[in-house]
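Beneath this line is the structure, given in structure tokens, with notes to follow.
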Amino acid sequence: MPAFPTLDLDGKLGKMDRVVLGWTAVFWLTAMVEGLQVTVPDKKKVAMLFQPTVLRCHFSTSSHQPAVVQWKFKSYCQDRMGESLGMSSPRAQALSKRNLEWDPYLDCLDSRRTVRVVASKQGSTVTLGDFYRGREITIVHDADLQIGKLMWGDSGLYYCIITTPDDLEGKNEDSVELLVLGRTGLLADLLPSFAVEIMPEWVFVGLVILGIFLFFVLVGICWCQCCPHSCCCYVRCPCCPDSCCCPQALYEAGKAAKAGYPPSVSGVPGPYSIPSVPLGGAPSSGMLMDKPHPPPLAPSDSTGGSHSVRKGYRIQADKERDSMKVLYYVEKELAQFDPARRMRGRYNNTISELSSLHDDDSNFRQSYHQMRNKQFPMSGDLESNPDYWSGVMGGNSGTNRGPALEYNKEDRESFRHSQQRSKSEMLSRKNFATGVPAVSMDELAAFADSYGQRSRRANGNSHEARAGSRFERSESRAHGAFYQDGSLDEYYGRGRSREPPGDGERGWTYSPAPARRRPPEDAPLPRLVSRTPGTAPKYDHSYLSSVLERQARPESSSRGGSLETPSKLGAQLGPRSASYYAWSPPTTYKAGASEGEDEDDAADEDALPPYSELELSRGELSRGPSYRGRDLSFHSNSEKRRKKEPAKKPGDFPTRMSLVV
């Protein structure tokens, strides 16, 4: 009978066990490879404050559905500032020594630290947490966290968590430590977002500040220059070069007008005369403020147009306000002021002392001999002549006189006081009678002749009157004594060397200067003075001449009226006697008179001075043909004596100050 196979059955069972175990291992390895895996390449990252950063995160999964990515923030368990400064606690140091894998700053319960969701992404949608809304934070690529600007509170642990619906195996999270640091040892940038390469930042900032300051200063100056009524500057401004310097006078006047008191700096010129314009300066401030209407302006302001108005400052003031009327008037008057017109009118209206002696300027340039025959105008006629006053006050010459204007006496007096007066007008003058002709050129010529004898007085060759004397009217001496008492010796002893004037019939006598005038009782007495200095008085021929003259009168009547007299014979004596004494005074003669009448007349004439008023008037009444012949012979002798004298120099004539009439 056959046997059972036991050993072959055991061998087949062992082979099957090994195959099952192999397939089990393969399946297990496949499951491990296809599970979810999350990794972070950088476990610790350091970033700068206010700088952007990116936290990297990678994951792998076998699921075909999109994964959900989430970033969480967990703060440190302990402050890292103490570790950096070496101020960690002893307990934390002991725990770290016993467990090397434990970190006291990172490993702790979530209840002991701050946990916040930073951002999450599902598909293409990114959602920020409540604490990070408004910041530049997003999730880029698959799971990278990008932060635009880091803040001081961003330091801590950041966890990357990946969730898939059908892949639940594997490691789905990982963490990275972020440490935010600030710059130390360097100054912070003044302009963080602006880089200046050509200069330091502080220099650039300083230049910007200085430029802004200068800009405001320039704006202030331009505003000041364009508005001179509000302030006063003296710097030229490019905005308004025409208003470079505002006038100080207008500025002070404006301040004074606003304050209500007169200005300290007067901008109104003094009164000046303009032809055909009434005299007077600017009206006072009180008169302007009392009137409701604006002040009057110059006539050229309305008729001259824009060309006649001089360029100047215009004050932006209200014309209706009383406080600004004075300032407005002063400003307008200064703009219209013309110095050339003022000087022209001033010299046209002023009549000088010499030019007023003639009617027009052409006569003043005539020769000396032509002017001698021209008589001065009547002083009384000028006072009442309207043509004269119309020419003077109207500024017209004598040749172009218009119709005479009627000026009263008060207007004439005010005109005289307003005109400038020369020094010669200030001196004392003689009061002449009204209606009598003034001194003509003949008297001035005789006065000039007597004035020119100063140089010959010291040599003893002059027999003219003393220098510095002047002519006086015979009317002014009418109240004096006529020397009716006393003998001829006493009279001719006191009166010496007196030459009669060339025009004796005009009623003028020759008197010494006021500085050398004698007392009133002796002033009319002419004296015969020796011309030789340092010598005793010579023999007086006066008495002998008078005796010979008396004897010659009957002889002249018997001869038929001879004109030769002892006085003329005395004048024809030699130059020696003429150098000591002047010729004797002339007397009047009557041709064909009897001896009795001559003796009576001689007795009366001897009792009177030869230069008295009565003697001259008596001579004029009794003047006949014989007297005219004697006068002509006397003038011929005078002309001969003048020809013998040396010619005078032009400088011998008196100056203008000495010709005070």
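Any Cβ shown, glycine's included, is placed from N, Cα and C.
The compositional bias 'Basic and acidic residues' annotation in Swiss-Prot covers 410-428 (among others).
As annotated by Swiss-Prot, compositional bias 'Basic and acidic residues' applies to 463-478 (among others).
According to Swiss-Prot, the feature compositional bias 'Basic and acidic residues' maps to 491-506 (among others).
Taken from Swiss-Prot, the feature compositional bias 'Acidic residues' covers 595-607.
As annotated by Swiss-Prot, compositional bias 'Basic and acidic residues' applies to 628-639 (among others).
Residues or ranges marked as disulfide bond by Swiss-Prot on the basis of similarity to another entry: CYS57-CYS160. DSSP gives CYS160 (disulfide bond) a strand state.
Positions annotated as domain 'Ig-like V-type' by Swiss-Prot: 36-177.
As annotated by Swiss-Prot, phosphoserine applies to SER487 (among others), with the evidence given as a large-scale study or a structure entry.
Annotated omega-N-methylarginine per Swiss-Prot: ARG559, in sequence order.
The annotation phosphoserine is assigned in Swiss-Prot to SER594 (among others).
Sequence annotations record features per position, and here Swiss-Prot assigns region 'Disordered' to 288-310 (among others).
The region 'Disordered' annotation in Swiss-Prot covers 410-429 (among others).
Taken from Swiss-Prot, the feature region 'Disordered' covers 453-661 (among others).
Per-residue confidence over the topological domain 'Lumenal' (36-201) averages 84 (mean pLDDT, predicted model). Annotation comment: Swiss-Prot describes 36-201 as topological domain 'Lumenal'.
Under the heading topological domain 'Cytoplasmic', Swiss-Prot lists 223-661.
Residues annotated as transmembrane segment in Swiss-Prot: 202-222.
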- Query: Can you count helix, strand and coil residues in the domain 'Ig-like V-type' (36-177) using DSSP?
  - Reply: 20 helix, 57 strand, 65 coil
- Note on the structure: For CYS160 (disulfide bond), the number of neighbouring Cβ atoms whose distance to its own Cβ is within 10 Å equals 25
